[in-house]
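Taking it in order: structure first as structure tokens, then the write-up.
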Amino acid sequence: MLSSSFARNFNILEWQSKEICAKYNVAAGINLVARSPEEAAEAFRKMNLPAAVIKAQVYCGGRGKGHWLETGFKSGVHFVKSADEAAKIAKEMLGHHLVTKQTGKDGLLCQAVMLSDPVEVKRELYFAILLDRQTQSPVVIASTEGGVEIEEVAAHHPEKIHKFVLDGVEGITEEVAKNISTKLGLTGKAYDNGVVEMQKLWKLFVGSDATQVEVNPLAETTDGRIITVDSKFNFDDSAHYRQKQIFGYRDLKQVNPFEIRAEKYGLNYVPLDGNVACLVNGAGLAMATMDVIKLAGGDPANFLDLGGAASEAAVTEGFTIISQQSHVKAILVNIFGGIVRCDMVAAGVIAAFKKVGLKVPLVVRLEGTNVEAGKKLIRESGLPIISADNLTDAGEKAVKAAKGEKF
């Protein structure tokens, strides 16, 4: 149900999303972050309320139904009624790994907790704005079945999920918000507040360059308020130059170090689980290359887009990153020379091969500007580079090379 786009993005923690909500005046309650049991106790006292909800801050959903790897302690969401209890629960969470359906068996390390004011919930709703590849538009996904995983609702009660395709410029207008509120069964004060909050969430989506704004649950309270109780935001990596606050949240310890290294050279790198590595110029061609590898019976080991940076330094760095992945058994370089000349890329590939000292088979397919000059350089290099005549041939040779076949 969520975004089908391959766009690179990163997640932020819930407490960080609450700060962004505050920036756009989205109603999200009182929220304080703590990184030690003592800070949790102090946060509880500062809230000056008879009770609070304490939540583990990790990059995953399903925290309430999770468990802690080291101790078996249940749940990453607890209700506490005193500062001492807040400290006790924080101690169970901090420094431990929370395992949920979304984390895998090793779980995720919790380094912070968030204390929030309890909300007297009348109904839990689901609300998300995301980019939809099928319609090539932003869409809203809304449901009266909030507080549970939306995939489960889609599987068992698809009729309870409503999809609204938005105008990319106008977004959630008052009219659209009223339509959504009606579908969610909001009435009276809750209806009016729902219309306002949905428009604020659209402004947040656009203003923060988000690729996904998911609120689950979006709570209708007993007194008619509409509150963003739990939220998950994703942001387009390409917006880093104008979203300084948001990208300042980025925890580099949670990011693959090779992705960080690639960024320094203007490369777009996403690790995958296969054994045929790709080094391509252009995101569209990179996707097509991965498809060809799959069609040939293989699995891509990465998405690596040189973009317009197909220089010797960029190619060398790409090879360096790829060659350090032990699961890579072959590399496929697929270049279409437009602005970038094939002879320049060929020279870069040859120099990079020698500098890195590649130990795995290398398949190269060149097409476009100065392609014959590029192919000549590769032929005369004396290196064991496997040339491919077309995209299909390249994919087949790369998969065979990964299996140990000789050419």
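The first residue you see is number 1, and the count goes up from there.
Note that Cβ sites are derived from N, Cα and C of the backbone, with glycine treated the same way.
Site annotation (Swiss-Prot, ligand substrate) includes Gly338, Ile339, Val340; from Asn281, Asn302, Asn390, the additional listed residue is Asn281. For the pair Ile339 (substrate binding site) and Gly64 (ATP binding site), the Cα-Cα distance reads 52 Å. The secondary structure of Glu124 (ATP binding site), as reduced to three states from DSSP, is extended strand. Counting other CB atoms no more than 10 Å from each candidate's CB, the binding-site residues Lys55, Arg63 peak at Lys55.
Across the structure, Arg63 (ATP binding site) and Gly338 (substrate binding site) are spaced 48 Å apart at their Cα atoms. Residues Gly61, Lys65, Gly76, Val77, Asp230 surround the recorded ATP site, their Cβ atoms falling within 8 Å of the Cβ centroid of Lys55, Gly62, Arg63, Gly64, Glu124, which are themselves excluded.
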